[in-house]
Amino acid sequence: MNTLKYQSQAVAKPYFIFALILFVGQILFGLVMGLQYVVGDFLAGAIPFNVARMVHTNLLIVWLLFGFMGAAYYMVPEESETELYSPKLAIILFWIFAAAGVATILGYLLVPYSTLAHYTLNELWPTMGREFLEQPTITKIGIVIVCLGFLFNLGMTILKGRKTAINMVLMTGLIGLAVFFLFAFYNPTNLALDKYFWWFVVHLWVEGVWELIMGAILAYVLIKVTGVDREVIEKWLYVIIAMALISGILGTGHHFYWLTTPEYWQWVGSIFSAIEPLPFFAMVLYAFNMVNRRRREHPNKAATLWALGTSVMAFLGAGVWGFLHTLAPVNYYTHGSQITAAHGHMAFYGAYAMIVMTIISYAMPKLRGIGEANCNRAQVREMWGFWLMTVAMVFITLFLTGAGVLQVWLQRIPESGEALSFMVTQDKLAIFYWLREIAGVFFLIGLISYISSFWVKEKIAS
Amino acid sequence: MSLESTLMSHSPLSISVPELLEVKIIDKLANKRLPGDLAMWFFILAELTVFAIFFIGFAIAEQLHSDMFIVSKAKLHPIAGLINTIALITSSLFIALSVRAIHLNQVKRSINLLVISQVIACVYLVVKIWEYQFLFNIGIDIETNTFFTLYFLITFFHFMHVLLGMVILLIIGINAKKGAYQEDISGFESGASYWHMVDMLWIILFPLIYVI
């Protein structure tokens, strides 16, 4: 059964499927690494801790990018009321991106990182070796080419079709994503400068332009599942992105506290970070408000659950757990501790993993020719996945927060002579790491439950 | 059909049109609804929160470094601050009158009042730039001390809000000219509310930074 309004939307399907495959990989490597925190020798020969960490974080970034691209290919034709400019280009770019991604991950796993750098001629234009941006230069160039082709395809589609606020916000976010990635090619030898510009990619992605992408996807799904007037939803979208950009861009200051930058960054960073939770809180109010004012009962209850869930978890993870350690006097102690890890986990899951799951949940039944929604049994299984993963992530965050508070207490607060060293402190945190690992296993069970929902069919009455 | 003739034709009572309009305005004023759009008020609330944190930060820093703050404040130009206070309050008055005119469907008058308000707002911009120039000339900048760090951050952030407010008023002025507020003036009220916020912030900012 063909349930797509525009046939070219179908190109989103491989992007979503590949995103979910990478998501599973990310969680498996997360579990390996989580165990290595407490059993240091576990698979240490085959997958050293630094490699597991690199694969865990890189898979996260790449699967989210696949998710965003899939979302854009699905949403833009419908919003523009026209077919995608070139479905063929979208599929070619999919294979290029997938092949480059797989080759890079295999490179991480099969050869030492320095050998990979040598093979890929890193010395000609050194960009490797920085957290999240470990990809060889050639892969980075590939990412830029894929992004350019992707933006060209979307841009041409939008130009020939209807212009909506959702498309504009989405495109602004995606163009910003590509532009800020260019700072990955700038790698100053001065460590302070290196970090300074590194944040231009990392921070301005997750606390800047990605929020626009999230806002646009959320607005799109809310229009579809609630039937509320586009004007009302778009108005809130504008307010939210205005707040997100003002607070997010100036909030970059919270990364500049200890980089030998002028003192005013401590004021700018502290104050604007303090309002970073507000756009996320607005998203909670807006998502629940729109669902309460719904004009239709959409059969895809799971997609609505993801939409509401992402707003709440993004507020908690990105908003509240972010604010927990962004005031300069607090960050003086907590900088780079497990509190950061706690925030990172819940924020990435709540804001970005869940928004991608939201659009996948909404779009997949249509892409698979099932119709508006999966059958009830499949939705129930999917919701089990939602709750298991979300509750597990709350516990992962709480355990890491406990570890972080103890770490700060033992390692950072005492005067220099009395403070424990980094590794001695890590030993004291073992109980928290074990509990985090257990919560991680529950997360994996949730993910398996979610993935398995794709194969669940309605029982035929005997 | 004009508003007046509409009112005349539908009025069962034989009272005059001006009286009816007066009743309409009083009704609107008596009705305690939130002027403008809720989304704009959420935005205003967010803006006020940022400034509130700035003001609290300033007050705490002042308590911690009171001597430095007294000496530094003396270097500011209070007359310039006073001129700006008067400029912003007056500008806000004209916006209030402009909203009143749009309530009465006097679009042209409303736009004229809005333009006057913008011209007065320009006084603020000129004086503020002059003030920054004056400080730079005597060797003061954002890194001079904690007082001036906060002075420049808070006042420049406010300056940017004045500019944003002027852009918003420009847009609603153009919309008004196109006749966009014949039925629903919510958009006009939203812009005016934002402008009132900008001058209200200055009314707190001026005594806090320049005077007390």
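Going from the start of the chain as shown, residues are counted 1 onward.
In case you wondered, yes, glycine gets a Cβ from its N, Cα and C as well.
Owing to the predicted nature of the structure, the values given are computational and were not obtained by experimental measurement.
TrEMBL has this to say about the protein:
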{"type": "DOMAIN", "residues": "A:1-462", "note": "domain 'Cytochrome oxidase subunit I profile'"}
{"type": "TRANSMEM", "residues": "A:15-39", "note": "transmembrane segment"}
{"type": "TRANSMEM", "residues": "A:59-77", "note": "transmembrane segment"}
{"type": "TRANSMEM", "residues": "A:89-111", "note": "transmembrane segment"}
{"type": "TRANSMEM", "residues": "A:138-159", "note": "transmembrane segment"}
{"type": "TRANSMEM", "residues": "A:166-186", "note": "transmembrane segment"}
{"type": "TRANSMEM", "residues": "A:198-223", "note": "transmembrane segment"}
{"type": "TRANSMEM", "residues": "A:235-258", "note": "transmembrane segment"}
{"type": "TRANSMEM", "residues": "A:264-291", "note": "transmembrane segment"}
{"type": "TRANSMEM", "residues": "A:303-324", "note": "transmembrane segment"}
{"type": "TRANSMEM", "residues": "A:344-363", "note": "transmembrane segment"}
{"type": "TRANSMEM", "residues": "A:384-410", "note": "transmembrane segment"}
{"type": "TRANSMEM", "residues": "A:430-456", "note": "transmembrane segment"}
The transmembrane segment (A:138-159) in contact with the transmembrane segment (A:59-77), cutoff 8 A, at least 3 CB pairs, sep 6+: yes
Proximity of the transmembrane segment (A:15-39) to the transmembrane segment (A:264-291), 3+ C-beta pairs under 8 angstroms: no
Best-contacting stretch, by C-beta pairs under 8 Å, relative to the transmembrane segment (A:198-223) and drawn from A:89-111, A:235-258, A:430-456: A:235-258
For the transmembrane segment (A:384-410), sequence-distant contacts whose Cβ falls under 8 Å of one of its Cβ atoms, 6 or more beyond its ends: 302, 305-306, 309, 313, 317, 321, 324, 333-334, 337-343, 345-346, 349-350, 354, 357, 419-420, 425, 428-429, 432-433, 435-436, 439-440, 442-443, 445-451, 453
Confidence summary (mean pLDDT) of the domain 'Cytochrome oxidase subunit I profile' (A:1-462): 95
Intrachain residues whose Cβ lies under 8 Å of the transmembrane segment (A:89-111), provided they are six or more past its termini: 8, 11, 14-15, 18, 22, 25, 47, 51, 54-55, 58-59, 62, 65-66, 69, 73, 119-120, 134-136, 139, 142-143, 145-146, 149-150, 152-153
